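First up is the structure itself, then whatever we jot down about it.
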Amino acid sequence: MDLLYIHSCHKTQESLLTSTSGFNNYRGVLNWCVVMLVLSNARLFLENLLRYGVLVDPVQVISLFLNDPYSWPAACLVIVSNVFIVVALYTERQLSKVSVNTLFLHPHHIINHHLFSVSSPSVGGAFVLGSYTILFLKLYSYKDVNLWCRELSTVKAKKLSRSLSCPSAQTLNGGDRKVCYPGNLTIRDMYYFVFAPTLCYELNFPRSSTIRMSFLLRRLFEMLFFIQLLVGLTQQWMIPVIQSSMKPLEDMDLSRMTERLLRLAVPNHLLWLIFFYWFFHSSMNFTAELLRFGDRQFYKDWWNSETVTYFWQNWNIPVHKWCLRHFYKPLLRRGFSKIISQSAVFFLSAFFHEYLVSVPLRMFRLWAFTGMMAQLPLAWFVGNFLRGNYGNAAVWMSLIIGQPFAVLMYVHDYYVLHYREEAQ
């Protein structure tokens with residue numbers, strides 16, 4: 001009778017943590033990582049409070065703009081930017097007329113674009129420089145698209161692309177009438193594109209039917225909350241770490257420099273993630289909802305990037321679309337190889353990164369440029385030797401370590417250039 005209870009309790013099977021087991025449910029491990037991350041950062045935050053006290057002071061940020069009203073070039077430059085917008089619109093209107101000599105008017109665009117070299121050594125200067133760079137990219141796209149429209153009209157093309165053609169349907173999804181070239185050359189169309197959350201111009205943008213007030217208010221609340229959080233974390237966490245890093249950098253103490261770099265990596269990366277959400281999700285969705293702009297794909301799943309190339313193609317979709325449409329594909333059409341064209345895109349991106357940092361700081365150090373160009377060999381290495389989770393880890397490592405290294409270099413050079421020399 002007892003033999004009936006004897007049965008096999010073993011079978012051929014792998015341990016769960018073996019790669020060949022097929023097991024992939026690590027939700028508990030992920031939760032554990034989140035709990036450990038929260039606890040470790042809570043300890044760092046408490047240590048920061050005990051050492052430095054409460055450093056958050058929103059009034060201090062506002063005072064930067066109020067103490068010296070005569071050093072407000074940023075507001076004036078933002079107003080002046082309307083001149084470039086109007087000049088671009090006027091130029092396109094003139095070019096749309098068949099009788100106008102296009103060879104004479106094309107330099108107007110070139111002059112208009114090159115007037116964007118502005119310099120203002122302040123927080124406002126950094127803001128206005130970024131605004132002018134965005135406007136430059138927008139007007140370049142505006143010029144290109146209208147040029148394509150004129151070329152298509154000249155050759156009387158039978159089949160026009162969807163974005164440039166005059167469709168048979170008369171209205172957009174949102175009920176707005178569709179326009180054809182040159183009917184798009186209006187003040188309203190121009191300023192809609194200037195404020196729209198995109199860098200690539202089209203005659204007829206996809207539009208949503210209504211403005212969702214609840215969605216709009218949520219995004220507005222997120223914008224206000226996260227900008228305060230960014231300022232607070234910068235004052236409380238970033239600035240003390242950076243200040244304590246000056247002495248090791250001056251002494252070239254490699255061990256202490258490495259320790260400060262790793263200490264700065266956590267708050268810097270946290271601020272970068274918050275900025276990404278604030279800008280690419282909250283702010284751009286707020287603007288899109290307000291303008292009923294239909295294309296809300298401002299980013300893709302860059303956090304799953306297994307290659308460096310995938311990250312740069314998906315974390316900033318508006319810039320990626322502009323580079324693809326107005327820089328990469330034109331290079332291919334002119335006979336350049338894919339490798340050369342991709343390298344040229346990285347070079348252009350490196351130039352703008354350095355430009356946006358060096359001009360407000362009034363110094364030229366090439367740290368941002370070098371960091372961007374270093375992405376090329378890194379992309380080759382990760383793409384050829386790392387796959388899956390290893391590639392994803394390499395991308396995250398480059399983001400977490402690379403950015404604070406550049407921050408420390410710029411802060412050190414700025415300190416040496418503006419403060420140590422003055423003290424001497």
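Glycine too: its Cβ is placed from the backbone N, Cα and C atoms.
Where the annotation comes from TrEMBL, it is an automatic prediction and has not been curated.
Marked as active site by TrEMBL: His353. All protein chains included, His353 (active site) registers 18 other Cβ atoms within 10 Å of its own Cβ.
Marked as transmembrane segment by TrEMBL: 29-50 (among others).
Positions annotated as transmembrane segment by TrEMBL: 70-90 (among others).
Within its own chain, the transmembrane segment (220-242) is flanked in space by residues 45, 48-49, 51-52, 54-58, 60-61, 260, 263-264, 267-268, 270-271, 274-275, 277-278, 281-283, 286, 407-408, 411, which lie at least six positions past its ends and keep a Cβ under 8 Å from the stretch. Per TrEMBL, transmembrane segment is recorded for 220-242 (among others).
Residues 41, 44, 222-223, 226-227, 229-230, 233-234, 237-238, 241-242, 245, 298-299, 315-316, 399-401, 403-404, 407-408 of the same chain, all 6+ positions outside the transmembrane segment (262-280), place their C-beta atoms under 8 angstroms from a C-beta of that stretch. For 262-280 (among others), the entry in TrEMBL reads transmembrane segment.
Within the same chain, residues 133, 309, 312, 319, 323, 327-328, 368-373, 375-376 sit at least 6 positions outside the transmembrane segment (335-352) and bring their C-beta atoms closer than 8 Å to a C-beta of that stretch. Taken from TrEMBL, the feature transmembrane segment applies to 335-352 (among others).
Under 8 Å from some Cβ of the transmembrane segment (364-386) lie the Cβ atoms of residues 306-309, 312, 343, 346-347, 349-351, 353-354, 356-358, 394-395, 398, 402, 405-406, 409-410, 413, all in the same chain and six or more residues away from its ends. The annotation transmembrane segment is assigned in TrEMBL to 364-386 (among others).
Residues annotated as transmembrane segment in TrEMBL: 393-411 (among others). Outside the transmembrane segment (393-411) by six or more residues, the chain places 242, 245-246, 249, 257, 260-261, 264-265, 268-269, 272, 305-308, 311, 357, 361, 365, 367-368, 371, 374-375, 378, 382, 386 with a CB less than 8 A from a CB of the stretch.
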